[in-house]
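Here is what TrEMBL records for this protein:
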type    : residues                                               : note
DOMAIN  : 9-189                                                  : domain 'Guanylate kinase-like'
BINDING : SER16, PRO17, SER18, GLY19, ALA20, GLY21, LYS22, SER23 : ATP binding site
Amino acid sequence: MADVAPRRGLLIILSSPSGAGKSTLARALRAWDPTIRFSVSATTRTPRAGEVDGRDYHFVTEQRFKQMVAEGEMLEHAHVFGNFYGSPKGPVEAAIAQGQDVLFDIDWQGAQQIRNSSLNTNTLSIFLLPPSIPELKRRLESRGQDDAETIARRMQKSWDEISHWDGYDFVLVNADLAQTETHLKSIITAARLRRTQQPRLTDHVRKLQSEFEDSQ
Ligand code: ADP
Ligand code: 5GP
């Protein structure tokens with residue numbers, strides 16, 4: 001028998017308006033299960049202080065980005081906040097085949113493209129809502145990462161992202177962080193047990209059938 005991975009990996013998509021908690025929760029998930037891979041996007045935006053090329057993003061020129069799209073290297077891509085972002089396909093396909101989950105921090109456009117792709121059956125999409133708009137603004141400010149103008153731009157774009165909340169499998173209101181973390185882990189645990197994620201089940205049921213027939 002060909003060596004089939006015990007389960008098929010999941011594409012776990014986390015989307016939210018900026019500041020609702022994606023990066024915080026992604027970090028928590030990686031600490032919970034270090035086998036979860038993080039999809040490192042390519043982007044044309046400039047790196048922020050502390051961001052490392054190849055770890056946080058692949059920082060590329062617009063020309064290189066467009067070449068990657070033209071050559072079919074992107075699983076999905078979108079224009080967000082005036083820059084191009086996209087998820088390289090190769091590492092995702094390799095991880096999924098090996099039974100490893102891949103976490104995506106991408107916007108609604110990317111989530112929609114993956115949902116419409118052949119990988120749809122292996123996809124788990126989760127949208128995070130903030131408890132309130134003032135709290136979203138407070139979180140963006142408390143992060144201390146962006147200047148006032150950038151925060152204002154992110155706040156202005158937040159409704160565009162929030163308005164796509166109903167295209168996701170699960171929606172979590174990220175009020176209490178510990179509770180959101182617990183819910184997220186439960187959702188992932190359940191999705192890993194979907195019939196379609198367990199390629200070895202057919203062989204197992206065949207074995208049960210043969211044992212059943214022998215017992216008659
Ligand atoms: P995103 O990645 O969605 O832009 P972050 O994960 O960077 O958002 O979170 C923005 C800020 O809000 C961070 O300072 C983070 O510590 C804080 N934060 C995230 N979730 C919560 C929560 N449930 N309650 C309070 N603060 C939170
Ligand atoms: P930031 O510039 O703050 O890192 O990201 C801005 C937005 O782009 C976030 O909403 C993030 O989810 C989204 N994003 C990051 N990478 C990708 C990607 O590869 N594809 C898509 N569609 N969106 C992305």
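Glycine too: its Cβ is placed from the backbone N, Cα and C atoms.
Closeness to ligand 1 is met by ALA20, GLY21, SER23, these being the binding-site residues among PRO17, ALA20, GLY21, SER23 whose Cβ falls under 6 Å from the molecule.
Listed in sequence order, the residues LEU128, PRO130, LEU136, ARG139, ASN174 complete the 8 Å Cβ shell around the ATP site centroid, once SER16, PRO17, SER18, GLY19, ALA20, GLY21, LYS22, SER23 themselves are left out.
Between the listed binding-site residues, namely PRO17, GLY19, the fewest other CB atoms within 10 angstroms of a CB are found at GLY19. Under the three-state DSSP scheme, LYS22 (ATP binding site) falls in the helix class. Across the domain 'Guanylate kinase-like' (9-189), mean pLDDT in this model comes to 95.
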